[in-house]
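Here is what TrEMBL records for this protein:
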{"type": "BINDING", "residues": "A:C79, A:C84, A:C120, A:C124", "note": "[2Fe-2S] cluster binding site"}
Amino acid sequence: MDLENNTMEAIEKIGNTPDKLIEVLIQCQSLNQQNYITEEQLNLISKGLNIPLSKAYGVASFYSMLSTSKKGKYVIQVCNSGPCYVNNSKTIAKAFQDALGISLGEVTADGLFSLEYTSCFGGCQIAPAVKINDMVYGNLTEEKVWQLVDSLRKEAV
Amino acid sequence: MDKISIIIDGKKVSVPPDTTILEAARKTQINIPTLCYHPDQNVKGNCRVCIVEIAGANGFAAACCTTVKEGMEIKTNTIRIREARQMVLNLILANHNSQCLSCKRNGNCELQTLSQELNIEEEFLDKVVDLLPIDQSNFSIVRDQTKCIKCGRCIEVCNDVQGVGAIYNVNRSCDMKIAPAYEKGLSEVPCVYCGQCINVCPVGAIYEKEDTKEVWRALEDPNKHVVVQIAPAVRVVLGEEFGMETGSIVTGKIVSFLKRIGFDKVFDTNFTADLTIIEEGNELLHRIKSGGKLPMLTSCSPGWIRYIEFFYPELLQHLSTCKSPQQMFGALVKSYYAEKMGLKPEDIVVVSIMPCTAKKTEAKREEMHLNDYYDVDIVITTRELAKMVRESRIQLRELEEEDFDVPLGLSTGAAAVFGATGGVMEAALRTVYEVVTGDELDKIDFKNLRGIAGFKEATIPVGDLDVNVAVANGLKNAKILLDLIKEGKANYHFIEIMCCPGGCIGGGGQPIPATNSIKEKRIEAIYQVDLQSELRKSHQNPAIKELYEEFLIEPLGEKSHKLLHTHYIDRSKNNKDKRD
């Protein structure tokens with residue numbers, strides 16, 4: 001119910017015209033602990049902004065920063081573009097998989113973490129880099145990955 | 001403005017600025033191949049099949065979306081271009097389920113034709129075709145994404161022409177596909193089943209749910225009395241499937257064919273189109289006299305009905321309560337005709353041949369039955385009729401013309417024009433005028449209501465009253481009128497709305513292609529049928545008069561209400577169709 005009210009509030013604040021779609025989507029995703037836009041939210045957005053649901057879904061599924069399926073509280077995005085790739089981003093991704101016990105594209109059972117590849121977010125000078133929610137971490141090694149996961153687990157408690 | 005001079009394949013050409021290379025080439029009879037391009041749609045530029053070489057430029061340019069510049073030298077058909085086009089096509093084919101032999105569009109597929117024209121000898125790339133389930137969630141339309149080449153034509157027609165937006169791009173890059181939100185089935189989203197997406201699809205990714213097997217089975221069942229009705233827009237279009245000129249009228253040949261394959265009676269939807277005019281005309285007069293909801297909206301087009309049910313349920317009371325001619329026909333066959341012939345309704349099978357995919361779902365609406373029997377049992381489209389003709393191995397061209405059976409095969413020219421946008425209105429005015437004034441209408445051709453334009457209006461003096469009417473085709477045009485009604489600004493008595501652009505001659509079940517220029521010829525043929533009719537006003541139909549005398553007693557009477565009128569459903573909350 002809260003999510004519904006907050007979604008409506010966000011639409012009202014940002015504006016209820018079709019051109020506000022992306023802004024509204026970003027804001028609505030941030031309202032959700034699981035970092036995604038729920039079907040109920042998308043329905044409200046579609047009605048509120050007078051956009052067909054298919055189009056709202058099309059836009060939400062187009063951008064990698066938006067999600068239409070459940071993610072973790074911490075969304076771990078491993079950069080897979082050129083500079084990170086040649087600096088062993090694959091090893092980093094593997095380390096996260098081992099540390100979290102999930103594969104790419106999955107969410108941990110406790111809902112804390114989700115793991116995915118992303119394209120460049122501008123951390124090339126500290127490659128290999130990852131983005132976790134709004135924070136960027138670079139110069140990663142396998143060991144640093146385990147430490148990072150550990151500290152986030154503690155932070156969450 | 002000054003013309004621009006360019007050279008295409010060594011030929012000097014002058015064209016207006018903003019002309020695309022594709023258009024400039026076609027003006028000089030140079031035919032650049034295309035795939036995503038559709039003459040009635042926006043330029044998309046996503047298939048890259050139309051690439052050409054421009055002197056001095058790196059790489060290739062897509063002819064459909066590159067405008068000419070002064071002095072441009074263009075080559076459209078060199079070895080390099082042909083090889084590049086073959087590569088482009090091979091990339092598309094790598095992602096396409098090319099099981100052509102069992103494809104609905106075998107023999108009428110733009111990708112197949114292009115593969116032939118570009119001389120594809122081998123599909124040399126590995127196939128990457130996702131095994132996605134075929135969407136068969138509804139009675140009308142099937143989507144097979146393994147065939148989809150992602151040209152986006154269906155998205156444009158669904159969103160920009162019909163304003164429905166049932167489908168859109170989902171995901172990005174190589175994961176992109178065309179689907180409803182959350183990749184649900186069409187039955188779970190507000191799809192109106194108009195089938196316009198089918199008509200623009202270059203391949204076999206979208207097609208009607210086929211019901212021809214049920215028809216063949218009914219015909220061979222010795223215990224069934226099988227009757228058939230043909231919609232007005234089928235008779236001027238079927239010929240196209242057999243290489244006849246666009247606009248050929250093949251009514252008599254269809255009747256003859258249907259008799260040959262064993263239908264017990266071959267009747268005409270035009271009969272109940274005439275009946276619709278009597279009922280709907282009287283309903284309009286009743287609403288005007290008694291202060292009922294105006295403007296009254298026509299209710300013949302099932303895609304349109306679904307649209308208003310989904311998107312404007314608050315305006316449902318404006319809809320005429322008349323069932324569509326298809327459904328009136330079924331209801332009468334299982335009551336009036338059954339009684340007359342001494343048949344039990346359960347032993348009768350009513351088959352409809354329609355230009356429409358939405359009619360398949362209309363026949364399955366819960367309101368559309370009496371006792372335990374659906375009014376109409378099986379609905380097939382014009383395209384499916386063409387398939388049955390081929391399967392029968394009968395040569396349509398060689399058939400003698402035959403007449404419809406009586407009494408449900410008799411009709412007037414007013415019924416014939418139902419097949420084109422503006423036709424229902426014209427037919428209604430011919431009758432309403434004479435019923436109200438008692439005078440004979442001299443000028444019965446309402447030419448300002450004819451033609452393919454999306455919106456038309458007129459004021460017709462009927463006795464003391466100036467009747468304001470409007471006609472819209474294509475749902476985006478309907479939306480404009482609905483918004484006016486909502487704002488209380490629609491000063492009309494009667495509005496005709498047809499779901500499909502051009503009316504039923506452009507329906508989702510009609511032969512492909514159906515471009516605007518083809519539709520215009522089909523419309524001409526519709527009015528030709530009208531002109532050739534002995535009687536051209538619905539109330540003059542002797543079989544309709546007899547029907548009222550023997551059975552219905554009076555328009556809007558008790559029997560009419562039970563059999564010929566219906567009600568509508570607010571679908572805005574729950575999109576789901578109930579399936580039996």
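Note: Cβ is positioned from N, Cα and C throughout, glycine not excepted.
Unlike curated entries, TrEMBL annotations are predicted automatically.
On a predicted model such as this, the values are computed, not experimentally measured, just so you know.
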Taking the binding-site residues one at a time (A:C84, A:C124), which has its Cβ surrounded by the most other Cβ atoms within 10 Å?
A:C84
If you count, for each of the binding-site residues A:C79, A:C120, the other Cβ atoms lying within 10 Å of its Cβ, which residue has the minimum?
A:C120
Structural state of A:C84 ([2Fe-2S] cluster binding site), classified by DSSP into three states:
helix
Collapsed DSSP category at A:C79 ([2Fe-2S] cluster binding site):
strand
Could you say whether, by DSSP, A:C124 ([2Fe-2S] cluster binding site) belongs to a helix, a strand or a coil region?
helix
